[in-house]
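**Student:** Right, I'll just put the structure down here and ask away after.
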Amino acid sequence: MKVFRRRLFIVLFSLLLLISVITSARAGVLMQGFYWDTPYQGEWYDHIASKAEELSNAGFTAIWFPSPCKGDSGGYSMGYDVFDHYDLGNYYQQGTTETRFGSKNELLNAINAYHSEGMQVYVDTVMNHMMGGEQEWNPNTNSYTYTRFDYPHDTFEKNYKHFHPNYTHPDNDPPYHSKEFGEDVCYYNDYNYMGNGLKNWAAWLKNNIGFDGYRLDFVKGIEPDYIKSWKQTSPMSSSFVVGEYWDGNRDTLDWWANYTGCHVFDFALFYTLKDMCNSDGYYDMRGLQDAGLVEINPYRAVTFVENHDTDEHDPVTKNKLMAYAYILTHEGYPTVFWKDYYVYDLKDEINNLVWIHENLASGTTSNLYADDSLYIAQRNGNPGLVVGLNDSSSWKSKWVQTKWSNVTLHDYTGQAGDVYVDSNGWVEISIPPKGYSVYSPY
């Protein structure tokens, strides 16, 4: 019966989404629009375009598209084995014209579909490496290397001068010159040919193709000085840019984001949330009180529960909605994973949390209480909220002192009843087992 009431509450909430999203100031929620391995029949762009209105109505404000470039593996490529930066599915190369996701025209139509709904579209940008080149003699290595890239359009072609090792950087040393995933790009040799070319390409993606922002792949392998220079170049300087710096040390993430001027995915928080969820009741919830980059630099933190890489290799396997309840009630820029939303059937609950994020979650964050099984925090803005997470297998109640007084609070997840705050701000809230509740005034 409780499950039925919760589902009914979420359905009723969905009826209010159109009105509430339009009338509220949208704080922003990002959808990752792909996963390993999306269907490879060249229909993905059409598929995600068909979801634009639904996602906008649910409160999402932006979507992250996969890498659009022709890859070495042609129609099977997920876009990370870049062969031709300017082939977006409109030249016959590597055994196909379309990419795994579709044609260039289908890409443009998908971008337009989201723009027509008032959403931004971010492009996955791979600048560290390339694959699929022809063999050529390389005097820097005294051997043949696969570093010659010729194209039918003659734009931004490459050769051995444009990869490590070379005259400027005669080494293959990590972290910036090693061949982690393919031929390692050098940004500074041959009169900065690749460095300038990648800036021009990124500008083309925005000015000509219509992307609004960028996700930078594997920035750990790219000199921070180059990323900083790239970010300061127009139009990237006025665009949203988030880097994938895969590191669980939040101080390292903080340094990189501040130095380059980019946002960064909060892997430090990801590991904390994964531990909480997968520990299945044995996690000490006090660990959430000072978790992640979001605690020290929320402006730069892009929070997430899962992405295409972690889902494939190191996933959250239990109680995932508790993690979504955290990122969609706290500071930072939250990201929802397509597979969680559409494949793992969490859409209704996530929609409810997106509504909460866009309509209630504002202001700074205060920790109200934590013990081995409970975590309770408050967002201090207007209207603000109190969120509780319960890692135990039974209902928990706790008295906490809030910013309100003499007011009734409603649980906007539909799982607990209304509660009254006394004149001193004290209120007793209830949180379901392995779950969450979110309180705010009517």
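Along the chain as shown, residues are numbered 1 onward.
Cβ atoms here come from the backbone N, Cα and C positions, even for glycine.
Taken from TrEMBL, the feature active site, nucleophile applies to D217. What TrEMBL lists as active site, proton donor is E244. If you look up TrEMBL, you'll see N128, D190 marked as Ca(2+) 1 binding site. Taken from TrEMBL, the feature Ca(2+) 3 binding site applies to G281. The domain 'Glycosyl hydrolase family 13 catalytic' annotation in TrEMBL covers 28-379.
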**Student:** Would you mind listing, in sequence order, the residues at least six apart from E244 (active site, proton donor) in the same chain with a Cβ closer than 8 Å to its Cβ?
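**Tutor:** Spatial neighbours, sequence-distant, of E244 (active site, proton donor): R215, L216, D217, F218, V219, F265.
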**Student:** Starting from each candidate's C-beta and looking 10 angstroms out, tell me which of the recorded positions D190, D217 has the most other C-beta atoms.
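**Tutor:** Highest number of other Cβ atoms within 10 Å: D217.
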**Student:** Return only the integer: C-alpha distance in Å from D190 (Ca(2+) 1 binding site) to the residue listed as 'Ca(2+) 3 binding site'.
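**Tutor:** With the alpha carbons as reference points, the distance is 57 Å.
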**Student:** Which has the fewest other Cβ atoms within 10 Å: N128, G281, the binding-site residues listed?
**Tutor:** G281
**Student:** Please report the DSSP secondary structure of D190 (Ca(2+) 1 binding site), reduced to three states.
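**Tutor:** Looking at the DSSP assignment, D190 (Ca(2+) 1 binding site) belongs to a helix.
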